[in-house]
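Chemist: Let me give you the structure first, and then I'll get to my questions.
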Amino acid sequence: PGISQVGHWYERSLSYGEENSRLLSVSAGWMTNSCFLFCFSTGNIFVVSLAIADLVVAIYPYPLVLTSIFHKGWNLGYLHCQISGFLMGVSVIGSIFNIAGVAINRYCYICHSLKYDKLYSDKNSLFYVILIWVLTFIAILPNLFVGSLQYDARIYSCTFSQSVSSAYTIAVVFFHFILPITIVTFCYLRIWILVIQVRRRVKPDNKPKLKPHDFRNFVTMFVVFVLFAVCWAPLNFIGLAVAVNPDTILPRIPEWLFVGSYYMAYFNSCLNAIIYGLLNQNFRREYKRIIISLCTAKLFFQESSNDGADKNRSKPSPMLTNNNQVKVDSV
């Protein structure tokens, strides 16, 4: 009995932890990406595109996962499972492709500043963003034909199953994670080399110069990239190991490690909210504005309800009014 009670307590604690982490991720995702949209300008269209990728998972898949957690299983049917898994894949792949787009954009802006205006005109920037999303949908479509979008009871999610096809899993890890991470690493490595060269420079010359706000923006997006890589690396490496030798590796992976790697990846959007708030002044200002607006709206509704209650208390009751009317008429 004691062991069963401990197991029941562990299961409930894990469920509550998953529930709270989902709620926190959804809330932080909504707030952060709302700030992205409020701070929109033509210069950060790639960042706005990244925000949209994060919002996709917060709008549809996460609420369904919360429903699955509450009901201790998936009861929404096959179609919702496929749509949820598909949109979750769109969000994840869209995020890493947009992070790569941001890195290439920052690389051209800082390391090739003379060519930047031509490469990233408004028309070209819009074309690049559309291209990113076209590639995202092309990358996720094979899941519908391979049958790799399945419900996993361990994480209460309809998601990519790593054990359906070894070859396809290896291709997914390479094209959806390793290749974009390699491109981003190259871009940021070149930027860091230039930053070090600029800071060590004593005499002014005609070489590229880095403005303070450009450096702060670069650091912010670099930290976002590092967190994404750290949060998603365990899940991708587990998938790669399972794909290489499924019969040997799959039984040896503890459930807590698999579940932990998934929720570590899901928690990435929540960490982004913290990073933007700490490192970006515009986001701090927007956070304050949103919080003040919410508090003001709450006070407004409270005052309105209080005024309504006071007016109702000050009005005479209909019965009393009718009685007075009767007395007057009788006189």
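Backbone N, Cα and C define each Cβ position, glycine as well.
Below are the features listed in TrEMBL for this protein:
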DOMAIN    21-276  domain 'G-protein coupled receptors family 1 profile'
TRANSMEM  35-63  transmembrane segment
TRANSMEM  83-104  transmembrane segment
TRANSMEM  125-146  transmembrane segment
TRANSMEM  166-196  transmembrane segment
TRANSMEM  217-244  transmembrane segment
TRANSMEM  256-279  transmembrane segment
REGION    306-331  region 'Disordered'
COMPBIAS  319-331  compositional bias 'Polar residues'
Chemist: Excluding the flanking five residues on each side, which residues at least 6 beyond the ends of the transmembrane segment (217-244) place their CB within less than 8 Å of a CB in that stretch?
Modeler: 47, 92, 95-96, 99, 102-103, 106, 110, 162-163, 166-167, 169-170, 172-173, 177-178, 181, 184, 188, 191, 195, 250, 253, 257-258, 260-262, 264-265, 267-268, 271-272, 275-276, 279-280
Chemist: Need one number: mean pLDDT over the domain 'G-protein coupled receptors family 1 profile' (21-276).
Modeler: 83
Chemist: Checking distant contacts: for the transmembrane segment (166-196), what same-chain residues at least six beyond its ends satisfy Cβ-Cβ under 8 A?
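Modeler: Residues packing against the transmembrane segment (166-196) from afar: 92-93, 96-97, 99-100, 103-104, 106-107, 110-111, 139, 142, 146, 148, 160, 208, 210, 215, 218, 222, 225, 229, 232-233, 236, 239-240, 242-244, 246.
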